[in-house]
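Before any comments, here is the structure.
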Amino acid sequence: MFRAAAPGQLRRAASLLRFQSTLVIAEHANDSLAPITLNTITAAGRLGGEVSCLVAGTKCDKVVQDLCKVAGVAKVLVAQHDAYKGLLPEELTPLILETQKQFSYTHICAGASAFGKNLLPRVAAKLNVAPVSDIIEIKSPDTFVRTIYAGNALCTVKCDEKVKVFSVRGTSFEAAAASGGSASSEKAPSSSSAGISEWLDQKLTKSDRPELTGAKVVVSGGRGLKSGENFKLLYDLADQLHAAVGASRAAVDAGFVPNDMQVGQTGKIVAPELYIAVGISGAIQHLAGMKDSKTIVAINKDPEAPIFQVADYGIVADLFKVVPEMTEILKKK
């Protein structure tokens, strides 16, 4: 289990660094590596010791080659089988357990994405350990920092488990360099198929806009837009900025946009170079998902809106006038 750590305990563990070894579970789409995996590798490197990556899937040779070049990775373990199609946690867990049994890793981690949040609790349960979720900082090999109360407080936890299983908030760690490494690759330990689930199909929505969690610019709308049709104002602005479009929980709950656009504690965590909040009041739940953005611009007609407390630039005005004006100015450039 884990408990709150006393300040004096944070100084220990320097002598343990040489004994650390970490397994990063790579998230990928067979031909491309998920960006959050690079952030997770950086976090794993903070623990000291050797960092290995496990790649499971089908026809994922390109991902293996890319990971071998990533700085900080010592070894890439590869498991290619039809059972790993779709990266189902029911199938990946036995593989991870066999890998852990053979190599005795002290830490197992993945990005705190839907993939990692779905997989790691199952792995931890099978190992009979308590996982630590969504960490934002590593104090020492057994001490981690995560947010609580919708990001309003930080909790430092000391994990005494024999194997530390944790997920990493990608926005809190820089991405590892995609070149400069020279890791070796080898076949991962074999494991039997669980046989309790089967991957059938996946249909991805195609968009010319960047993916929300990886975009450098994000334009988000809230309940102030009043309808889903009015989100076209944001789409037009986003097209000029080559930006992704997000939304507050209030906008999603109102049915303006689908829930995969939600930014916030119960949605997606983003940290773009530029975040433009349009018609968003700034509820705690939303701020928890975007407050790490490099530059925040808020547009709201209410000067007392909480969003202005975290914004670098604020525009107190009617969004239905300001947003079209911004779009027209950008079109002329």
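Glycine is no exception: its Cβ is also placed from the backbone N, Cα and C atoms.
What Swiss-Prot lists as FAD binding site is ARG223, SER248, 263-266, 281-286, ASN300, 318-319. Annotation source Swiss-Prot lists N6-acetyllysine at LYS59, LYS75, LYS139, LYS158, LYS203, LYS226 (among others), citing similarity to another entry. Marked as N6-succinyllysine by Swiss-Prot on the basis of similarity to another entry: LYS59, LYS69, LYS85, LYS187, LYS232, LYS301 (among others). Among the features that Swiss-Prot reports, region 'Domain I' is placed at 20-204. As annotated by Swiss-Prot, region 'Domain II' applies to 205-333, with the evidence given as similarity to another entry. Sequence annotations record features per position, and here Swiss-Prot assigns transit peptide to 1-19.
Sequence features, as recorded in Swiss-Prot, placed on the structure.
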residue : record            : CB count, 10 Å
LYS59   : N6-acetyllysine   : 10
LYS139  : N6-acetyllysine   : 18
LYS203  : N6-acetyllysine   : 5
ARG223  : FAD binding site  : 18
LYS226  : N6-acetyllysine   : 16
LYS232  : N6-succinyllysine : 11
VAL263  : FAD binding site  : 32
GLN265  : FAD binding site  : 19
ASN300  : FAD binding site  : 26
LEU319  : FAD binding site  : 23
Across all protein chains shown, the one of the modified residues LYS69, LYS158, LYS187 with the most other Cβ atoms within 10 Å of its Cβ is LYS158
Sequence gap of 6 or more, Cβ distance under 8 Å: name the residues on the same chain that satisfy this around ALA283 (FAD binding site), in order along the sequence. SER248, ARG249, ALA250, GLY264, PRO306
DSSP three-state assignment for LYS187 (N6-succinyllysine): strand
With DSSP as the yardstick, break the region 'Domain II' (205-333) down into helix, strand and coil residue counts. 51 helix, 25 strand, 53 coil
Counting across all protein chains, other CB atoms within 10 angstroms of the CB of GLN285 (FAD binding site) number 18
Count, for each of the modified residues LYS75, LYS301, the other C-beta atoms lying within 10 angstroms of its own C-beta, and report the residue with the smallest count. LYS301
Nearest of the binding-site residues to LYS203 (N6-acetyllysine) by CA-CA distance, picking from ARG223, VAL263, SER281, GLN285, LEU319? VAL263
For SER281 (FAD binding site), list the number of other Cβ atoms lying within 10 Å of its Cβ atom. 19
In whole Å, how far is LYS69 (N6-succinyllysine) from GLN265 (FAD binding site) when you measure between their Cα atoms? 33
Measure from the Cα of LYS187 (N6-succinyllysine) to the Cα of every one of the binding-site residues ARG223, VAL263, LEU319, then give the nearest. VAL263
Quick one: of the recorded positions VAL263, GLN285, LYS301, which has its CA closest to the CA of LYS85 (N6-succinyllysine)? VAL263
LYS85 (N6-succinyllysine), number of other Cβ atoms within 10 Å: 17
What kind of secondary structure is LYS158 (N6-acetyllysine) part of, going by DSSP in three states? strand
Cα-to-Cα gap, VAL263 (FAD binding site) vs LYS232 (N6-succinyllysine), nearest whole Å: 18
